Structure formats: structure tokens, C-alpha cells
């Protein structure tokens, strides 16, 4: 006897099922849109900002006319270009110091405080700081007699005392770690990286397009930047929870919010997290990972001098440099979205092997950058550089696996300190080295990057051969008793 035919699902039931899965998916989205809006704001103006610094130094500090300053990349102005670039390079030196000093101080308090009170307040503080910076860049662009150094005092220094980048990224990643399981952590952290790195190619390309459409108006570009940051702040206020973990207590329990934040015990707790005894010598691994993060982020300060280098050597315009950054960042997003999951899930590669791949890629990219006499060779270096960013999410994932849930904020704050302390050194070295070699070997900046990424590779190599992967997992009973 034939079985009765089953009725096909009705359109209404299909709609309900689709809505169910959509809602379940949306419930898992937390800090990703915050970083997307923030990074879109940043990437829209990242190249434009570099051009603005050069324009300010050219028109105000050196007093050249608008025709020269708008076309300073032309070969006929090469001597003027070198003169202006030395001023801009010195500006970057002090701007880097001002931009990170306040963040380092706050990082010692922020991690332990966010473990107790939640990640939302530090995140909002950082976003508001970046909004202030964008507004003040608009003000600086409208003041035609303010030299480029005024940006340090009016915009960068006040912003750094809100936590800025260290607050945004440390809070976002620890929030995500709070709400996801240990098994999905590496994948979720990587996808969070992808969610904001995906804005890089679109942001840079869109920024270059809008810049042309608004007649190269720097103030208009940063007004758009500020608008996106307002959206990020409003979304975070509405969507994110004040406490993302059961260990965190409400802000209402703090008698004095200022003293509750700037409690010296937070500094003690943060440093003790790094120094406490752990099973299987995991304390050494934690210290090495933080040192590794410092060496890895060393290369980020290269981008300031890279723009100057491309302007000097290849005579690239803002649009041409934006195209290069768009291609490179597109490759980065693909690598993080496709290659890392393949390495991690399909091939079963250890985290250390993935990090070694990233460090080698960064080093190899600089071989092409430093030897490039044609633009296509420089682009080829950008292909290898796209594999470099796989290092950072793996470091964060490994750190989150080593420490206890109650230590995540403090551990990520130490990563934030490493992230922001190193520019006090790297920014100075890149600026000084570029100024010293601008007339002879401006490509020397890439040798400095190769040295720092070689250090990352050696540290990962040590961890890979000395420690087993399974020993990186937290042993709560032992850790708590210690």
C-alpha cells in the first residue's frame, strides 16, 4: 500500500521558518556593527587624512600656494616634496606619542574595571573620543592659518585620554569573548576581524570617490566620518548590554564612578594577571604572546611613511594610493574570511603555524616593497602583505584560551598596552629613519619592518616547538587556587 503523500509546506510556514532562522542569526550579532561603522568611518578618511597632513604642512608650515600643495606629488616639485615630507614625518612622531600616551595609562585601569562593570562604558568612551577627534579635524581644516602641529594639541591628545582605539578594540573583543563558547572562539574572533576588515576596501574606494565629488574638501570628508561614528555610538547604546557576563556588577553599585574606575587596585590586578603562576608554564606563554603583539603592531606605524614613500618614489596621487590600499585590503578580507577557516578547521593547523605564516608573509612583502622600481612589483608585495593580519586574531584567541573568564578584560588590556606602547618607539624610529634616508635610501623603512616581523616569527617558533596546543587550555581549578 502506498504511503500517503505529505503536504508540501505552505508559504506561511516557510516564511515563519525563514524568520525564525533570521532572528536566531540576528541574536548572535553583537559588537560587529559597532566595529563596522567605526572602521567604515576610519577607512573613508584614512588616505584622505594622510593627504590632509601633507597639505597642511605644505600650505601653512611652508607657505606654498594651493596649486603646488594640491599637486605636490608631481615630479617637478620633488625638492619641495622632500622638504614638506620631513615636516610631516616629524609631525607623525609627536602625533603618535600624543595619540598613545593617554591610552596606555587608561589601559592599566580599563581591563580590570571592565571585568567588574562591563565592556560597554569603555567602548562608548573610545567611540566618543574618536568622534571628538573627527570634529576637531574639521575645525583644523577650516582654520587656514593653523599649522599641522595644532592637530596634536587640539585633536589627538584629548582623544587619547578617552581610551580611543585601545578602548574600542579591547572592549569589543572581550565583549565577544564573554558571549561565545570556547569551541567557537577562534572562529568568532576571526569573523569579527573580517566584519570590520571588510569595510577597508569599500571604505577606501568610497572615500577616494567622495573626495573627488566634494572637490577635495577635507572638512566634508570628516563630517561624514563623524556622522558614521554617531551611528556607531547610538547602535552600541541601544543594542549592547551593560553587563556581558554574570561576573560583572551594575554601575549603580559604584558610589563614585570616577574613583571606581581610577582605583589603583585595578593596576595591581592587571599586572598580577600577567605575573601569576600558571600550570604548564602558561605564564611564560602569556608574556611571549603580549611581546609578540607588540612586535606585530610595530609595522602599523609604517603606513604613515609608506604614503610619503609612494608619493615620493612613484609620484602617486591620493586616488592612486587609495587604489593600492583598496586592492590590498580586499585581499586581506578574503584571507581572513576564507584562508584562516581553511587552515583552522579543514587542515587542522595549529594556531602557531598560522601565525608563522602571517609573520613570514609580512616579511616577504617588504622584500618586494623595498626593491620595487615599478608599481606592479609594489602591488605584488601587497599580495603577500594581505596574509599578515592573520597574526593578530590568533594572538587574541590564544590569550583568551589561556586566562580565566574573570581575567579576560585584564589580559586584553595588557594586549592593548602592548598595542599602544610600541608606537612610542616605532613611530619615532620610522619617522627618524625616513628623514635620515629620504635623499638616499627611503626604502630603509621596510628593513625595519622586516626585523620586527622576524622577531614575531622567532617567538612563535619557540612556542610551537616547546609547548603543546592542548596545554594552552585554562585549568580553572588550578588557576583559581593559585
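Heads up, the Cβ atoms here are built off N, Cα and C, so glycines get one too.
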Need the matching range: TrEMBL marks transmembrane segment on one of 35-55, 56-76, and I'd like to know which. 35-55
Range annotated as transmembrane segment in TrEMBL, from 97-119, 189-211, 258-280: 189-211
Under TrEMBL, the annotation transmembrane segment belongs to which of these stretches: 12-27, 284-299? 284-299
Per the Cβ under 8 Å criterion, with at least 6 residues separating them from its ends, the transmembrane segment (189-211) contacts 31-32, 35-36, 38-40, 42-48, 172-173, 176-177, 217, 220-221, 224, 318-319, 322-323, 325-327, 329-330, 332-333, 336-337, 340-341, 344, 389, 392-393, 396-397, 400
Leading contact stretch, 151-177, 352-369, 445-467 vs the transmembrane segment (411-433) - CB distance under 8 Å: 151-177
With pairs closer than 6 in sequence left out, are the transmembrane segment (151-177) and the transmembrane segment (445-467) joined by 3 or more CB pairs under 8 Å? no
Which bits of the chain, at least 6 residues beyond where the transmembrane segment (284-299) starts or stops, bring a Cβ under 8 A of a Cβ in it? 274, 278, 355, 359, 362, 388, 391-392, 395, 398-399, 402-403, 411, 414-415, 417-419, 421-423, 425-426, 449, 452-453, 455-456, 459-460, 462-463, 467, 472
Using a Cβ cut-off under 8 Å, which residues of the same chain at least 6 positions beyond either end of the transmembrane segment (375-399) come close to it? 173, 185-186, 189-190, 192-193, 197, 285-286, 289-290, 292-293, 296-297, 299, 310, 314, 324, 327-329, 331-332, 334-336, 339-340, 351, 354-355, 357-359, 361-362, 364-369, 411-412, 415, 453, 456, 472
